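What TrEMBL says about this one:
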| type | residues | note |
| --- | --- | --- |
| REGION | 1-401 | region '3-dehydroquinate synthase' |
| BINDING | 94-97, 125-127, 130, 150-151, 172, 190-193, 201 | NAD(+) binding site |
| ACT_SITE | 277 | active site, proton acceptor |
| ACT_SITE | 292 | active site, proton acceptor |
| DOMAIN | 431-861 | domain 'Enolpyruvate transferase' |
| ACT_SITE | 849 | active site, for EPSP synthase activity |
| ACT_SITE | 1230 | active site, proton acceptor |
| ACT_SITE | 1258 | active site, schiff-base intermediate with substrate |
| REGION | 1339-1624 | region 'Shikimate dehydrogenase' |
| DOMAIN | 1460-1535 | domain 'Quinate/shikimate 5-dehydrogenase/glutamyl-tRNA reductase' |
| DOMAIN | 1594-1618 | domain 'SDH C-terminal' |
């Protein structure tokens, strides 16, 4: 070896593509590659293009070796000239695969005088290869090109085939060319530096290729996972240049090279035969049709290979649904992908953690799939597998949208047979999948046995996959597949096990957890390593709640070293091998909770150090039949167990001897579902492989349950046939003990739900003996009671069972939200049985959970049982529609699509206000409220104080955990739950809360000043004393509350009583502000009203620049004139004790205080901004983590907008976006340097990045001259019409024009602010004035039409508003005796709108183009709006704001909350036109009944009759008449001079309800204090709130103003001017 060549000569493999050996494989190929390129691709210039991640790893080595080797070759005349090497490094990531970066590379090459005699080398992953390949294809019309892939994905896929491309805003890879590389050097040594996730990303492509091409290749992947992973991480390393030649290549490296070589060889063959993708090449897209659609939504959070992995599973599920593929093949692919760390479902925890709130709506996926290049017109194509290594066609196959939707949808609608379009099938024969119970036992026994056993009929499901994976990791056996996966060949290890390299994650597989707990104790101490000292058994959150204590106690007592890692009695476990191990001898075990504990000990007993005598204790043994099953199976594997009296078993010390073949029975529990469908639909079904000879207790279901219910049953040794009676004819079973078939109780329950009346006129079924079902995948008994009740079926829990009252099928309800399955397969399948007869059918949520035992259940239901199914996307079904323009709802309701009805859980210290606020939330959101402490007391039938006194705090906390689990599982939607203060003390509760959050739940931490809490608790005797200082409790819990909540609400110095808010306990005005803020907060969380600015509306936000907002409170209403949102500049905040150093940033508690101070004084949406120093703010640049901590708090605090700087860490930005909920992200960029040009490339890249991560894009430049504003304007105008909202502005005085032209959320200042937030900021008044001068905002004239109108306040209201906001408009009075007189006015071009009063509220209708729904129901128009579209075409719209004036006057009086008057009565006095608006307003508030009084009774009756009956209007003949519900809200619409006596009896509401106030709205205003208001005052201001007529006029005028102008009215200025005129 020469000194110039430090690399040994490599042993390489070559693959031919397009008849050229251009693909070269090996390890450490650097020297080989350079020599080959210089010799065989001669050029004057060589250019290496790479990215900033790869360059530091390999560039120096390659360039230095290039110089040495080129010198050597030139000196020995192997090459004619000494070439030059240039390099260019670009930013990493998909965003570089763009026109801009392509142009930058080309410009660089041109600047280096590169010509056609240039060879370009792409060093990097797929992005580099695609981009640089496209550069090579177009530079000088095509130059030589070499691929040097550094990622496994690029090696296996993108580097081979000649496809090159860049992305555009319209999609990925839409512009490109076919350009074949001269060489592809696949150097596997590069994989040493590849992150594990990226390695798995590439393995997806390799697995994909094997799956559709060659089963032998696939088997290599199935059996070689550990070796391949070892090769990738170079675990066998230690030798320099290991693998370079055969003498140093390890078996792991050889295997990795082989599978990569096979994958590339397949692709090369396909490319050679179909280079331009006319047919065969489409086969390479297996998994990509759906995978690409997923990637389009979930990128960049999910990698390409991860999306393709999920896509592959979905596409084989399509093949299975169509009947082309069996479950065996699906299961094999599923297991293989999982073994390499790839996701197989969008529901995988890894996927959810990565993508956060992003959702793959089925309709969206189908829309994306429309543009797939493989499609035939609008018909979608999918590669259909018929087996591993086999496809239906050597190309993609057309598949209907209906089938794709069925597979992709997360929920399934089952249609009833009597409404189905499918033909009826009366007689069906089925074979059910293998038994889960037998499959799991067989796997354990065969793995522990000696010799080879062929397992046939094994269940291919989630549960058995978990067991198989765990046994493989324990090294207990060797597993191989035969007969296309129908047979599992197990070479047993004879009980010799090892500590696995990783924890054993079991998901929710309870059987596996219990069996493996004993199996892991058999690992010998000799199998320990320094890295792996114990085996960890763990699972999902539900598994961490399921009990395993009795089994662990027994194993510990027998010498096993087992520790609980988190919670006593539950997984995870750490099991350490010891010299004693499983000792044997006499073993005692409590078997009253689960027979699986017994089976676990029995199966491992032969490997104990001594023969085992097992004594079962604890009373009646549960599920004896499963113990008998275990003993029978042990006998089949060579071990006989002797059963003695008194539940004693003797097991000899021995080793299992594997039978040559063991056939797994079909699952008898699963067989109950098709048999039950026959029973409930009156059809016939035969299960051909379950009969009386079965080992399983559930095989008796037909005889013991279905026959007594009225079915004809025939059962042989090997088959069961059931024929049901006519639909609706099943009989109840008064009492049945199902202890021998507990899993089948769910099937029996749904049949009992439709049982007819028996001879005793009863239809009740009582099922007992099923207590163990409370500790299964969920509390199944409670779940059945809950879900049956949704259909209108009465059911209740028994101590060890369930009682069900049958109902008529016709009376069953169809559910809008579907059945909650609690991730339990048996609940899903049982309710799919019931859905077969429910009118309208039923939606089964979480359809995927059936994969635990019968993955193809839905296929079987549709294809074999002929039940019509329809895929349902629950997320899409819950989308809210936006309110129409003129039907402005309560507080400009702004909703966002998604699942908004998730239960909201409140946590926090006792006394923080959880109950009070929880009841308020319940009223506001119309949801049920549960106080968890009250719920617990009712369940325990005692008080918490007494329970703690008797049983202690630990026992109470245990009960609290049990009830929390029940509450969260039974009430996941539509509830408000207030938890006890100590709920976060136990780890199991914290796990439950975090799981609830992970699944989309909302947990709110209610915060209150700890001193106020202490004062409250010192007076509260309703709960037991802690025996600990309250401050210490708070200090301990504070961080726990924060970590286990995703939202936070601060009551901030407000005293709240235990149950009610009363004026003599708190400051009522302060409470009103807290209440109003909480209502906003809770509606925001629920997505009911996100309080955000309507897209497309011209809007402004005010940047607050105060270091402390306290000093600004007196100016708040003034400085916020005309603005739509307010920006809290967190970086400018500073508490008085703060340092002025450049490293200062405000503490979280101070920011929270300032935010809530702002919240209490404005309803406007808040923009939460932390501006860094480099972006023009004050927050330290080196405190990026602290910045994002604050931004995450902003999300927790429910801020409507959060400003995120796109120049910060992408990982931090991505993590923030995942948690954003309904908050909108403003993705911002400030060009402080002033170098960015609006017509340059940089702004395009900035825009693209901001567009990827923001809901709103904010780009701020600098105007050095006036033309910079025009360049900005042209940039914005060039964006597509459906682009996201953009804030595009130039700073400095020269940039003020850009602020005037900006449409969305223009930042403004106000003269009262201490300083403008940015140079060049102007006020709302200045912008409006400037827009008028520029001709953008023309003057409009507004009028009041009516007579008499001389003394109207309307001109004062509107002209004041116009003047304050700088609007050029004018409001006039137009009094006329004939409505015809208004015609010239409304036809005028400058007509903007009008107020309409008597006598023209009806007459004006003939001039209008449309009328709002509110005006139509009220029957009168008081507002005319001239609406102009983008083409300035005008139409006149009639509306009514009288009702808004009335409604919001009431809300303001009572603190903006309908909780104060919900379910209260109202009274309207008068029957004129205004009375109609009053009735409409009270109805909108939810008030019922509404009493109506008028002196002329007939007029009142006529008015009431004109409204719908659901208004609940009751006409009363006299105000003195006793009323069953005294009114809380009274609206008088009669003149102040009317001679109507107001009896005090009508105001007795406040005497009856001491803790509520009443409101009287007086519509007359010429006399300020009318009789009615005077009577109210006599009761005291703390009982009745009077609203004067002038207040209502102002309120409705404000709404008119805002409808006309689109601007928020300057309310305080208007009120001041009106008051001055009114009192003048």
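Positions of Cβ are set from backbone N, Cα and C atoms, glycine also.
Note that the coordinates shown come from a computational prediction; the quantities given were computed from them, not determined experimentally.
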DSSP helix/strand/coil residue counts for the domain 'SDH C-terminal' (1594-1618): 20 helix, 0 strand, 5 coil
Recorded positions: 125, 172, 191, 849 - member with fewest neighbouring CB atoms within 10 Å: 172
CB within-chain contacts under 8 A for residue 193 (NAD(+) binding site), separation at least 6: 57
Spatial neighbour of the residue listed as 'active site, schiff-base intermediate with substrate' that is closest, considering only the recorded positions 94, 125, 150, 172, 849 and their CA atoms: 94
The domain 'Quinate/shikimate 5-dehydrogenase/glutamyl-tRNA reductase' (1460-1535), counted residue by residue under DSSP: helix, strand, coil: 25 helix, 18 strand, 33 coil
Neighbour tally for residue 150 (NAD(+) binding site), based on other Cβ positions within 10 Å of its Cβ: 27
Distance [Cα-Cα, Å, rounded] between residue 94 (NAD(+) binding site) and residue 1230 (active site, proton acceptor): 23
Proximal residue to residue 1230 (active site, proton acceptor) among binding-site residues 127, 150, 191 (C-alpha distance): 127
Overall pLDDT of the region '3-dehydroquinate synthase' (1-401), taken as the mean: 89
Candidates 1230, 1258: member of the active-site residues with the richest Cβ shell (10 Å): 1258
Other CB atoms within 10 A, centred on residue 96 (NAD(+) binding site): 22
Residue 849 (active site, for EPSP synthase activity) and residue 191 (NAD(+) binding site), Cα-Cα, nearest whole angstrom: 37
Alpha-carbon distance [residue 292 (active site, proton acceptor); residue 96 (NAD(+) binding site)] in Å: 19
Nearest-integer angstrom distance between the alpha carbons (Cα) of residue 125 (NAD(+) binding site) and residue 292 (active site, proton acceptor): 18
Euclidean distance between Cα atoms of residue 127 (NAD(+) binding site) and residue 849 (active site, for EPSP synthase activity), Å: 37
Whole-number Å value for how far residue 150 (NAD(+) binding site) lies from residue 292 (active site, proton acceptor) (Cα to Cα): 22
Protein Cβ atoms within 10 Å of residue 94 (NAD(+) binding site), excluding its own: 16
Surrounding CB atoms that lie within 10 Å of the CB of residue 292 (active site, proton acceptor), all protein chains: 24
